[in-house]
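Peer 1: Relevant sequence annotations retrieved from TrEMBL are reproduced here:
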BINDING   GLN110, LYS126, GLU147, ALA230, ALA231, LEU232, LEU233, GLU304, ASP319  ATP binding site
BINDING   GLU147, ASP319  Mn(2+) binding site
DOMAIN    194-403  domain 'FAM20 C-terminal'
ACT_SITE  ASP299  active site
Amino acid sequence: SKLAALFEHPLYNIPVPEVTEKDKLFIINPMEKFSLHSSGSDEWVSSSKAETLLPTGKTAYDTYPTWLKFHIGINRYELYPRRNPLLPTLLRDLATQRIISSVQKSGGTQLKLIMTFPNYGQALFKPMKQTRDQETPIDFFYFSDFERHNAEIAAFHLDRILDFRRIPPVSGRLVNITKEIWDITTDKKLAKTFFISPAGNVCFYGECSYYCSTEHALCGKPDQLEGSMAALLPDKTLAKRHSWRSPWRRSYHKSKKAEWELNPNYCAQVRETPPYDRGHRLLDLIDMTILDFLMGNMDRHHYETFEKFGNDTFLLHLDNGRGFGTHSRDEPSILAPLQQCCSIKRSTYLRLQLLATQPYRLSDVLREALAADPLAPVLAEPHLRALDRRLGKVLMVVGHCLAR
C-alpha cells in the first residue's frame with residue numbers, strides 16, 4: 001500500500017503543538033452520557049440516570065456516536081488527527097446509516113439536501129449532476145459550472161493526502177430517491193418538485209438560483225441516485241464560524257477582472273492587511289491555493305475559520321464541488337497567490353516533492369484512497385493523471401521563486 005507507506009513517512013508524523021483546554025473547540029462534561037433507549041431513539045440523559053445504563057468499564061465518551069466524537073475532537077490545529085481511528089467508522093456511517101429526514105439546505109446556487117440519521121448525526125448530500133467522464137464545456141464561466149458530487153469525495157481524500165486535514169469527511173452513497181427523500185421529507189417546497197419522467201424514473205429539482213428547474217431535474221435509475229455525503233460541522237449556534245473573503249477572489253463578472261489580475265505587486269498590499277500581516281494565515285491560504293490548482297477549482301471566493309480560535313488557526317476548505325471539472329487543461333491563474341507572494345510552508349513544499357516521487361506518486365495514492373469509497377471509481381483516470389502534471393507545475397513555480 002503506497003498510501004499506508006506515505007502516512008508512515010516522517011513528513012506525515014510531524015507533531016502538532018500540545019492541545020490545551022483553550023485549544024479545544026468544545027469543553028465537555030466528562031459525566032454526560034449519550035444513551036440509546038429501547039424505543040430506538042437516541043437522546044441525552046443526565047449522568048445520574050446513565051450510571052445504570054452503562055456497561056461496566058465504559059466511559060461516558062464511549063457512549064457518544066461517531067459524529068459527536070468527530071465534533072469534540074476538533075481543535076485549534078486540525079479538524080481531525082492524522083491517525084484517527086474514528087475516520088473509517090464515520091465514513092461508513094455516512095454511507096450506510098438509515099436516513100430519517102431529508103430537507104433542502106437553504107442558500108447556495110445549486111440543490112443540496114441535509115439528511116439526518118437516527119443518532120442525530122447529519123450530512124450534506126450533493127446529488128450527481130454529470131458523469132465521471134464529462135468535462136466542463138470550454139465556453140462555461142467558472143461561476144455557472146455544475147457542482148460535482150465526486151469532486152467533493154475526491155477533495156476530502158486529496159486534502160488528507162496533502163496533510164492539510166481541513167475538509168470534513170465525505171463518503172459517496174447511493175440514495176433511493178423515493179424512500180430516502182420523497183417519502184420522508186417535511187420540506188413542502190422540495191416535495192412539490194418531484195415527478196415521474198417519461199422514462200419512468202423518479203426525478204426532483206428543488207429550489208435554488210441555478211439549475212433548479214424541470215430541464216435540470218435530478219433523476220434516478222429508476223429511483224437510485226448517486227451523491228456525496230459530507231459530515232456536517234457543529235451547528236453555528238454552538239461553534240461560530242467567521243467567513244473571510246479571499247483576497248484573490250475572482251470578479252464573478254463576464255468581462256471585469258479582479259485587482260490581483262491587473263496588479264503584479266498585489267501580494268505586497270495583502271501582506272500589510274490583517275490578518276495576513278502576521279502569523280501563518282497567508283501560508284495557509286497558499287496551501288488552499290495549491291489544493292485548488294490540483295483540483296482545477298476556480299470557485300474559492302470565501303473560506304471559514306472557527307471564531308473561538310481567533311486568527312491563529314487553520315482554514316476550513318469547504319464547498320469543493322467545482323473541482324475536477326476539466327482534466328485536459330490547467331488554470332494557472334489559480335496559483336496567483338503562490339506566484340505573486342513566492343511563499344510556501346516548508347512542510348507543504350517537502351510533502352509536494354515527496355508526492356512527485358515514484359514510491360508515493362500523487363495519482364497512485366489518491367487512486368488507492370478513492371478505491372475504498374462506495375462509489376468507486378470516483379475519478380476518471382485522466383483526472384488522476386492530471387494531478388501529477390499539475391503537481392509538477394506547482395513545483396516549477398516554487399523553483400522559479402527559489403531561483404529569484
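Placed from the backbone N, Cα and C atoms, the Cβ positions cover glycine too.
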Peer 1: Can you tell me the mean pLDDT for the domain 'FAM20 C-terminal' (194-403)?
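Peer 2: Mean model confidence (pLDDT) across the domain 'FAM20 C-terminal' (194-403) is 95.
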Peer 1: So which one is it: of the recorded positions GLU147, ASP299, ASP319, which has the fewest other Cβ atoms within 10 Å?
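Peer 2: Checked GLU147, ASP299, ASP319; of these recorded positions, fewest Cβ neighbours within 10 Å: ASP299.
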Peer 1: Counting only other Cβ atoms and using a 10 Å cut-off, which of the binding-site residues ALA231, LEU233 scores lowest?
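Peer 2: If we count Cβ atoms within 10 Å for the binding-site residues ALA231, LEU233, the smallest count is at LEU233.
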Peer 1: If I take the alpha carbons of ALA231 (ATP binding site) and ASP299 (active site), what is the distance between them in whole Å?
Peer 2: 21
